[in-house]
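J.: Straight out of Swiss-Prot:
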- 15-25: motif ''HIGH' region' (MOTIF)
- C146, C149, C159, C162: Zn(2+) binding site (BINDING)
- 333-337: motif ''KMSKS' region' (MOTIF)
- K336: ATP binding site (BINDING)
- 575-677: domain 'tRNA-binding' (DOMAIN)
Amino acid sequence: MTQVAKKILVTCALPYANGSIHLGHMLEHIQADVWVRYQRMRGHEVNFICADDAHGTPIMLKAQQLGITPEQMIGEMSQEHQTDFAGFNISYDNYHSTHSDENRELSELIYTRLKENGFIKNRTISQLYDPEKGMFLPDRFVKGTCPKCKSADQYGDNCEVCGATYSPTELIEPKSVVSGATPVMRDSEHFFFDLPSFSEMLQAWTRSGALQEQVANKMQEWFESGLQQWDISRDAPYFGFEIPNAPGKYFYVWLDAPIGYMGSFKNLCDKRGDTTSFDEYWKKDSDAELYHFIGKDIVYFHSLFWPAMLEGSHFRKPTNLFVHGYVTVNGAKMSKSRGTFIKASTWLKHFDADSLRYYYTAKLSSRIDDIDLNLEDFVQRVNADIVNKVVNLASRNAGFINKRFDGVLAAELADPQLYKTFTDAAAVIGEAWESREFGKAIREIMALADVANRYVDEQAPWVVAKQEGRDADLQAICSMGINLFRVLMTYLKPVLPTLSERVEAFLNSELNWDAIEQPLLSHKVNTFKALYNRIDMKQVEALVEASKEEVKAAAAPVTGPLADFPIQETITFDDFAKIDLRVALIENAEFVDGSDKLLRLTLDLGGEKRNVFSGIRSAYPDPQALIGRQTVMVANLAPRKMRFGVSEGMVMAAGPGGKDIFLLSPDDGAKPGQQVK
């Protein structure tokens, strides 16, 4: 290790907790992981963290659709996401959630500091409101035409075509995504972050030279058009953190989402019992390095709002943003109908993780260019590079070493100068990994692989093996081939973790960047086993077909209670608190003359009797069986006069009706009159 060890904190953008991880997500997580693994190989202290972005109206509404709580949904999604990332060997030190105690505390702290420093403004705004659903519409639940570039079907907060941000009220011909209705305007008090106050600081940060040229140029466009105050609040109903001392107002998801980076790191420090690192990494004058790997669609939030929030609350700013482009498949946007919208979990059923890691890495650079996953080219490149050039180099030599020399390598290198050529390449390849010029690194490595294979071709160990008296030559040639293979795999270790583990088992030696100067001499390797299998287009065809089938299954009509009886519009806690539910003992139950649907129930509320008519006769043909049973009733429902008498409440039951009605009963131990909360 010739460099000074650095402290580095690396993050990926937080996946939203309402959907599965797909190959578009994986580009970023693979890119970051390759960079992190290289940094660790060079001896740096790296903390690699991520979390699920778990707040917002989309999560609230999807949970309602599924008939579960948002907490349950994001918990299940977190497990799925972590399983997918583990399957691709993404080496996170911690994976957390923005719906956490750490994130709440830090969000409130940053907001409070911003407010105390005069950067939070209050004002009443006119906001889009869905008259059919009775709710204010968050940015992402309004679509219309972008007011800047006039692109159609854009969300209410930013345009995915030109990258502009704006207020949903600026959209041309807006429509509610929830109901399709044309929204109306209503007034509401909102909280704003005074972004323009940080314009000078942000422009200086932009001119520092650290940012990618494309990012800096885009930021300059935003400065020229003028920074606007940023609305950081949303009205109830909303799934997120309530703003301190502002009932019914919640932090906008984009306020607490990047703070999730801090929350995840704080959670990691707490798990380790580390009471100092959080401040060391996040204090204003920290000498640790902080890097965010993000997609080009969220540059605005990370390059303007996030550093301004940190500056205004006396935390450190990012060292840099590493921005990448989108993923296309076979030259086009990922498509569910064509089977190219591929989930991470589906990929792993047909290919290993290393194959995609390699292909993405071979195409990545430090620029913000889109990456095309051409599936035919993918098969050809994996077979040509990993199998034919790298793994084949080992297999061509290992057999002779195992069979003829009991696995022991030669005591000297056959060609020390050639070996030095390979180890000297560490500087160029290392710089390519460091600067995220991944494609260049792969090209350099594969050029060396060609040289190594040419050496074996020229030395022809299969010919030497048949010649008497040349055992020493055979051992030297094959040992040289294996040592060159070892150097190549050391360079590839950040990209191919699974293959690297197999190679280390075969070599009986760890692939260590700083150890390549010393070749393996008189060293015993283990029996060679197949390291990597060829792939073919049949696997691709099966993958695409499986993706199509998943789309069909997801699009199949939903059946069951939720489909027949969709969840009603959201109510507030105050609305629910008006309903007084009580445990009631059924003292008597009888038929009602003149009605084939009703039963007359006499209910004891623990000192008060109620007469209730209930339409449950078809499900309970023997009313006497209900006597002595406890149920739950709405005790404060206004009495209703019927021709059979006055009904003084309502008993609670589940089911669609007819014979499928099921009275609700409390657990044993509940007493008549107790309130149900």
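Including glycine, each Cβ sits where the backbone N, Cα and C put it.
Worth saying up front: this structure is predicted, and the values here are computed from it rather than measured.
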J.: Considering every residue in the motif ''KMSKS' region' (333-337), what is the mean pLDDT value?
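T.: Across the residues of the motif ''KMSKS' region' (333-337) the model's pLDDT averages 86 on the 0 to 100 scale.
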J.: I'd like to know which of these binding-site residues, C146, C159, C162, is least surrounded, judged by other CB atoms within 10 A.
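T.: It is C162 that, of the binding-site residues C146, C159, C162, has the fewest other Cβ atoms within 10 Å.
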J.: What are the helix, strand and coil residue counts for the motif ''HIGH' region' (15-25) according to DSSP?
T.: 3 helix, 2 strand, 6 coil
J.: Among C149, K336, the binding-site residues in question, whose Cβ has the most other Cβ atoms within 10 Å in this structure?
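T.: When each Cβ's neighbours within 10 Å are tallied, K336 leads.
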J.: Specify all same-chain residues, apart from the site residues C146, C149, C159, C162, whose Cβ lies within 8 angstroms of the center of the Cβ atoms of the Zn(2+) site, ordered by sequence.
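T.: So the additional residues around the site are P147, K148, K150, S151, Q154, E160, V161, G163, A164.
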J.: With DSSP as the reference, give the number of residues of the domain 'tRNA-binding' (575-677) in helix, strand and coil.
T.: 7 helix, 47 strand, 49 coil
J.: Going by Cα-Cα distance, which of the binding-site residues (C146, C149, C159) sits nearest to K336 (ATP binding site)?
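T.: Nearest in space to K336 (ATP binding site), counting only the binding-site residues, is C159.
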J.: Check C162 (Zn(2+) binding site) against DSSP and tell me helix, strand or coil, would you?
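T.: Once the DSSP labels are grouped into three classes, C162 (Zn(2+) binding site) ends up as coil.
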J.: Would you mind splitting the motif ''KMSKS' region' (333-337) into helix, strand and coil residue counts from DSSP?
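T.: Reading the DSSP string over the motif ''KMSKS' region' (333-337) gives 0 helix, 1 strand, 4 coil.
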